[in-house]
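The following features are taken from Swiss-Prot:
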type	residues	note
REPEAT	11-51	repeat 'WD 1'
MOD_RES	Ser77	phosphoserine
REPEAT	207-259	repeat 'WD 5'
MOD_RES	Thr321	phosphothreonine
MOD_RES	Thr394	phosphothreonine
MOD_RES	Ser399	phosphoserine
REGION	414-445	region 'Disordered'
MOD_RES	Ser431	phosphoserine
MOD_RES	Ser437	phosphoserine
COMPBIAS	582-592	compositional bias 'Polar residues'
REGION	582-677	region 'Disordered'
MOD_RES	Ser590	phosphoserine
COMPBIAS	600-652	compositional bias 'Acidic residues'
MOD_RES	Thr656	phosphothreonine
MOD_RES	Ser658	phosphoserine
COMPBIAS	664-677	compositional bias 'Acidic residues'
Amino acid sequence: MAAGGGGSCDPLAPAGVPCAFSPHSQAYFALASTDGHLRVWETANNRLHQEYVPSAHLSGTCTCLAWAPARLQAKESPQRKKRKSEAVGMSNQTDLLALGTAVGSILLYSTVKGELHSKLISGGHDNRVNCIQWHQDSGCLYSCSDDKHIVEWNVQTCKVKCKWKGDNSSVSSLCISPDGKMLLSAGRTIKLWVLETKEVYRHFTGHATPVSSLMFTTIRPPNESQPFDGITGLYFLSGAVHDRLLNVWQVRSENKEKSAVMSFTVTDEPVYIDLTLSENKEEPVKLAVVCRDGQVHLFEHILNGYCKKPLTSNCTIQIATPGKGKKSTPKPIPILAAGFCSDKMSLLLVYGSWFQPTIERVALNSREPHMCLVRDISNCWAPKVETAITKVRTPVMNSEAKVLVPGIPGHHAAIKPAPPQTEQVESKRKSGGNEVSIEERLGAMDIDTHKKGKEDLQTNSFPVLLTQGLESNDFEMLNKVLQTRNVNLIKKTVLRMPLHTIIPLLQELTKRLQGHPNSAVLMVQWLKCVLTVHASYLSTLPDLVPQLGTLYQLMESRVKTFQKLSHLHGKLILLITQVTASEKTKGATSPGQKAKLVYEEESSEEESDDEIADKDSEDNWDEDEEESESEKDEDVEEEDEDAEGKDEENGEDRDTASEKELNGDSDLDPENESEEE
């Protein structure tokens, strides 16, 4: 039982190549390479058995494949004979190979006929097919896709039997239970379905990344004393993309425990898994895991309850080339797939190149924790050329054959035999012949002989060049595109870039930002366009922070020093302007101007005369003050005397007035008196 590297759901991750051994006998090894070709190899003699190229192999590449189960024995009474059509259908199904494509269709290829058997399209998937599983009893198959649905197909009628939604996100892996009544499906979480009712029986936690492989590890539960319903107590294994842990789960009667009971740890992401089923509680499970780094890890463990610590491999297998000479060093050879043989004591290893793999049977030795096999595969990769490659091929004709050519009936043109290839063709021309020059020929053909100026590169070629440069790490090609200064050209190029090249482009821009300042200015324009145009795509990436962490730290460091640089820039401008102004005014003559105020310093003799004059002036000033005070006193005395005289006159007037009132005399006029009366 094996699970091949079907495909990664991450667009940025390198996709695994779908491959699988034929069931039971493992006589064939099917491999769908990246060029869209299906190749079937014989494992016994490492020979190519068949090769099939689908019509849409470039647009609809193969994403997963699965062999049909071995020949089924129908449970019928001996009196009833099997129909001829049923027998033919059963034998044909034995050698069918199901291929899932990136466009949602499923192809059934017959290895017996060497041609396409049928195609499953109508009512199926609308997106990439991630996994295919054949049912071992009913002659149907199940498929899951990125469109979130699971489809049950009838292989005989090529129609959909049932279709239901498997998850809120894409469904990446499937596995059918040993009794054929349950189905495991996984996106990030794992669900156990009842096939009869299409209802969820159990939920499991799953992995943080999309699950790439699912398989049951046991047929019977460890506790055989309790009644067995076909699923309770069984263990199954799951592996995920970018996850170095393989988790083991147990289906229990209660629905409380949803976490894994144990896990196996490997060195890298698993791309191919094969195991031997445990038929009783005392038989250990043997597990072979092929990692992306090209190593094979072998595990052997009895599944019996919970284990807290992750289990490490019992044996690790590597393959390397022999070092030729003292200076040459051995190079590792990647292992592509590994499967247990029927005796469970040996292993089939597929290593080398996907286009020309090498298949070898290796005996297992549990005593050695590490095995390194030295293999020379240089001869296997060399293409065999039987005939010389020539551009010109002459047809082989019989000397007695007659060749008919157009002409008048009855007249036969003489056919000269072709000259042998050993003769040399004369390359010298006859001198003195009247030969027309090339310029005259072009003039006669009315062709413009003037050379056209060098045209500018078209905009649509920039995305192609940039994509090729990022994939091949071509420095000259990247410089040709990234050193452009036209902002409109940069925007159009970024708009036409494929989505899977955005992260490599940002990483290349980050690398160039750390270089020369002149190139960093150009990279800032590219970076601005990428972040503005593809902001929605970047926000959907789950691992955006670790991928763009270097760019973020670089921007933060540049922003921190911006204020200091601006202050320094202002000071430098001030100093430079002052220096330039002083240099300009140094040589120029200033125009004549009159001083608004002139201060002259006096000598020491003048200062002494001034001091004497100041003293005299101070003495005179004191005398003047005394005289002014005496004059003020005299004036005050005179004013007092005048005031006393006036007071005396007023007193006399008052006395006379009072006497007149007493005597009845008044100073009123007669008219006034009459008025009073």
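Any Cβ shown, glycine's included, is placed from N, Cα and C.
The most densely surrounded of the modified residues Thr321, Ser437, judged by C-beta neighbours within 10 angstroms, is Thr321.
In the three-state DSSP scheme, Ser437 (phosphoserine) is classed as coil.
Thr321 (phosphothreonine) sits 61 Å from Ser437 (phosphoserine), taking the Cα positions as reference. For the repeat 'WD 1' (11-51), DSSP puts the residue distribution at 0 helix, 18 strand, 23 coil. Taking H, G and I as helix, E and B as strand and the rest as coil, DSSP gives the repeat 'WD 5' (207-259) the counts 0 helix, 19 strand, 34 coil.
According to DSSP, Thr321 (phosphothreonine) is assigned to coil rather than to any helix or strand. Summarising model confidence by region, the repeat 'WD 5' (207-259) averages a pLDDT of 85.
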